[in-house]
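Below: the structure, in structure tokens.
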There are 2 protein chains.
Amino acid sequence: MGKQSYAIVEGGGVTTPRGFKAGGLHCGLKKTERHDLGVIACEAPAAAAAVYTTNLFQAAPLLITREALAKGGVLRAVVVNSGNANACTGEQGESDAREMQANAAEALGVSKDEVAVASTGVIGELLKMDRVNAGIAKLPGRLRSDEQGSDDFCQAILTTDLVKKTSCVELTVDGKPVRIGGAAKGSGMIHPNMATMLGFVTTDAKIGATLLQEVLREVTNVSFNMITVDGDTSTNDMLVAMASGLADHRELTRQHPDFPAFADGLRHVCTELAKAIARDGEGATKLIETTVSGADSDDAAQAIAKTIIGSSLVKSAVYGADANWGRIIAAVGRAGVPVNVATVDIRLGDIVVLEQSRPVSFDEEQALEYLKGDTVAIHVDLHMGSGKATAWGCDLTYDYVRINAAYRT
Amino acid sequence: MGKQSYAIVEGGGVTTPRGFKAGGLHCGLKKTERHDLGVIACEAPAAAAAVYTTNLFQAAPLLITREALAKGGVLRAVVVNSGNANACTGEQGESDAREMQANAAEALGVSKDEVAVASTGVIGELLKMDRVNAGIAKLPGRLRSDEQGSDDFCQAILTTDLVKKTSCVELTVDGKPVRIGGAAKGSGMIHPNMATMLGFVTTDAKIGATLLQEVLREVTNVSFNMITVDGDTSTNDMLVAMASGLADHRELTRQHPDFPAFADGLRHVCTELAKAIARDGEGATKLIETTVSGADSDDAAQAIAKTIIGSSLVKSAVYGADANWGRIIAAVGRAGVPVNVATVDIRLGDIVVLEQSRPVSFDEEQALEYLKGDTVAIHVDLHMGSGKATAWGCDLTYDYVRINAAYRT
């Protein structure tokens, strides 16, 4: 990816790219007075793309959004509720998601096929549609194009997340400024029956829906798909991207000289959101970043990085600030890809703990200090080829167990 | 498997089958005065078979045992130490494992190619061979053919396991009594750098090494391979079976009318040991038994059962006695095998919580009572075909995090 081809926009979010407004309000799905209904709207028809959970039990809003995008890859808005996932709710759930879509379209004065729907919250309960509908009617009055709009939207998609997650970059295409902004919620199936990850990306770049879909898929594979909180894939995961096209440049193609800058900026936004989700995992006290290099292929490196980051034993050791390389190499060995068992190096930050698969004596005090920090980097070099990958996760703590054991009892 | 074709031998173990003695002692690898060196010996050349961890980083003892078995499938003894896994120890580790094998062979008066070696404990440290060798010299004097011998051996293979794990059955072949006894240690990579599962099965049945290997592999797939404590596969897992042939019957073949009884008895012993390991998992308060039926195939059922039993969210919910079917169906949906998303039933014990993929209202008090028990059964029926499987695991508790976070710091 070479030299950084974008600038970070501090405080930027989904309303930073031209053409986008956002907002949120409390309609009554959450028990407390927190926002639980949000919307992003685009003043132009936005080229749109989305990726969805691989879980076979996909919630109703995903079906509706998929249908909408199939009709031309154009969106004008996405409406989101938290507090109820509208998953495992059968035909009524599907009809409720359609009602959300139709009512939002009417309130915003757009076609219903231009509205995506997303939900997050409890599985298996029907939406209180009177509250949702009353909220949707008020949404147009809450739309703002400033940071407050982005903030309100971010609050509306949280469940038990502790912090809002936004990211924004600016780059140039044909010498014209282009922004990419994002918002996300996480992380893990945080609460019992609560659903995982929602991501929303806006940009004013001019790009067709087909290419946007391709690059979104590529970027997702190295960002959102490289985080693990607890290995559980939700029924509601969804990432939606909308491009207003209001930046005044020639339409992006793969051949456009500034396409790499756009892809790189999109990767940055998605990676920052993904890392924010991992760091804010249930009960997490640390972000763990695992980099695998020297693998046979990028795919092999990804498999190993994700196995390490998903290991309960590695996660517990990091929580305990234990420089436990035995667990890391055991995870490497069970990742399901070929590994040369004699040539593995492992570093924790800059501290070498294993070289050519043999233990290296290291300063335990120094390792303890490093592992007590709020970000822990695990580096594995296989010395086999040029494949590499990075994955992100969090430590496994008492609070994870508390949060997930003590919900309903 | 039909009618039970074997009787359970209460208190039986690896010394119950004719021809076997066992013993254990403290040689100094564990810090406390607990046994850390054990042996099982057979007075006859025993047809032998073994299965090993799939982890690519296999510990030195596994290489040595594999070599020994490759020379004819006959064993006279297996020598085991706990407190040190002899894993990631390079050429010195291999040479140490060979020394254990040779010294045990000399002490017992057998050929070194007839001795298997197993180790469990810390990864990446060299064995204190002076202590091991001094212990091996004393082992022949500790061999006993009674329950005490089995007990001493069981103690010698424990690391942080809380309870000894044995099982024994008796059946008849050609009208003659045949016994199958087993011993195992678990569970998970219990302590930081501690290695997982060792299993030892003895029998006086007359059976060739090739058929014993086949049936051991088959039985392992539905017993030891169906338990999960934390999803981490150790570098040292090993299961060894030895058949003394001293029961006076025609050699078992697949066509022998009593072969099913033998296979069934072996399955019982391995399943009981596997369940004991799951129940004694790190920090565990409960055994979870997940049965999947109505799948496309047994393989599909296995994949789903293992995904459910491995889900941190399901494990936390069971710890919290939370009837959280949303997490169970989410696990079904991410198991990587096709599922009809409209026809899933889920029961917790006898309590139906999902029918045809739709929530069923149930008595929460009754569910809470049931989930507070020491064994929780999760039943999933997919209504697609006749494939079925059962997997075992344990709940995820504060103690799991404590044990695994607080070891070295």
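Backbone N, Cα and C atoms are what each Cβ position is placed from, and that goes for glycine too.
Cβ-based neighbour count (10 Å, all protein chains) for A:T159 (substrate binding site) stands at 24. Under the heading substrate binding site, TrEMBL lists A:T159, A:K185, A:T196, A:E282, A:N404, A:T409.
Summarising the annotation, TrEMBL assigns active site, nucleophile to A:T196.
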One finds that other Cβ atoms within 10 Å of the Cβ of A:K185 (substrate binding site) number exactly 29
Would you mind listing, in sequence order, any of the binding-site residues A:T159, A:K185, A:E282, A:N404 that have a CB less than 8 A from a CB of chain B? A:N404
Cβ packing number for A:N404 (substrate binding site), 10 Å threshold: 30
